Amino acid sequence: MSQEEDRYNQQGNVSVEQEELEPPWTKEEQEEPGPSQIKQHETELLEIKEEQEEFCITQDEEQLDLKQETDTFMEIPIYDENENSEADLNSQQSFIGNKRHICKECGKSVRSWSQLRYHMRTHTGEKPFSCKECDKSFSQFSHLKTHIRTHTGEKPFTCKECDSSFSQISSLKRHMRTHTGERPYSCEECDRRFSEKYDLTKHKRTHTGEKPFSCPCGKKFSKNSTLKRHIRTHTGEKPFTCQYCNKSFIQKSNLVTHMKIHLEEKPFSCEECGTRFSHASNLKTHMRSHTGEKPFNCKECEKSFSRASHLKTHMRTHSGEKPFSCEECGTSFSQVSNLKRHMKTHTGDKLFSLSKHRITPT
């Protein structure tokens, strides 16, 4: 029992003991009581005694109820989740002592009933706070308050270094690391450091091989962004469009590479032959034509290839896969180039005619 509660109960007891009931008879009646008055007086005293005992019992019950409510209140400190300063939390922790609240679903312990209530929503999926603008719902009011800023455009958190503004203080903290160079999250496997915890989590999957993001087609990926790009191969979505020729792409990086064609930008040059490329990966592939490197090996026949795409095409000779089909006659092919040649038999587009002795352009 806390000192405050003990002091409250003591004050309650004093008030009951000190309270006196006024006698129901007058001074004149006490001087010369007759037989009938004496009998009436005894009856009234008995009634008063019973009422006084009943009053005391009622007071004791009320104090017990109050004590139980006080105990319950001490276990359930209610506070605004959006205004929890460190001092407030320390005060609450000392207020409730070592009492913990345990989640029956996962065993997690928290210091207050309100924290347990918020935590339980992760199990129940309850989202009682709804946005009136877009009907999105949230499990905590602070999350709704932050979301509202996406509609109002409010950005109350400003960087003192460059005046950039943010809708969340956590975004400002992450941004500040671009100025300080701080990278507080380090990988235990290779000592690489990251400015954000999420980047470290993604990086760790390169060591563990974990691929938690799955496509209904069975393929798995280590990053959610990679899964999203893959999904577009099924849906056909190409959200990145070239402003010069309206050609669209699944990935932004593909659009960036394509834009260099219009800008005639080819910053990557081969030191051996001077050929220039718009993308570093193209130069890397080209360099294998000089070195003879063939890093992609077939496990079936041990053939090697300089490009992954060449190995992928080769593997179809073993699997029998023919993913490219003619819409006119249904004939299937293992390579798209073979399908293109076949399509000319339907369209009549024949670049070359075969004579008995030579091939000549038409």
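Even glycines carry a Cβ here, placed using N, Cα and C.
Features of the protein shown, as given by TrEMBL:
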- 101-128: domain 'C2H2-type' (DOMAIN)
- 129-156: domain 'C2H2-type' (DOMAIN)
- 157-184: domain 'C2H2-type' (DOMAIN)
- 185-212: domain 'C2H2-type' (DOMAIN)
- 213-239: domain 'C2H2-type' (DOMAIN)
- 240-267: domain 'C2H2-type' (DOMAIN)
- 268-295: domain 'C2H2-type' (DOMAIN)
- 296-323: domain 'C2H2-type' (DOMAIN)
- 324-351: domain 'C2H2-type' (DOMAIN)
- 1-45: region 'Disordered' (REGION)
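Beyond the ends of the domain 'C2H2-type' (185-212), by six or more residues, the same chain brings 174, 177-178, 220-223 to within a C-beta distance below 8 angstroms of the stretch. The domain 'C2H2-type' (101-128): residue composition by secondary structure is 12 helix, 4 strand, 12 coil, according to DSSP. Panel annotation: around the domain 'C2H2-type' (296-323), residues 285, 288-289, 332-335 of the same chain, lying at least six beyond its termini, place a Cβ under 8 Å from a Cβ of the stretch.
Same-chain residues lying 6+ beyond the ends of the domain 'C2H2-type' (157-184) with a Cβ under 8 Å from its Cβ atoms: 146, 149-150, 193-196. Taking Cβ pairs closer than 8 Å, the domain 'C2H2-type' (213-239) reaches residues 202, 205-206, 248-251 in its own chain, all 6 or more past its ends. Residues 229, 232-233, 276-279 of the same chain sit 6 or more residues outside the domain 'C2H2-type' (240-267) yet have a Cβ under 8 Å from a Cβ within it. Across the residues of the domain 'C2H2-type' (296-323), the predicted structure has a mean pLDDT of 90.
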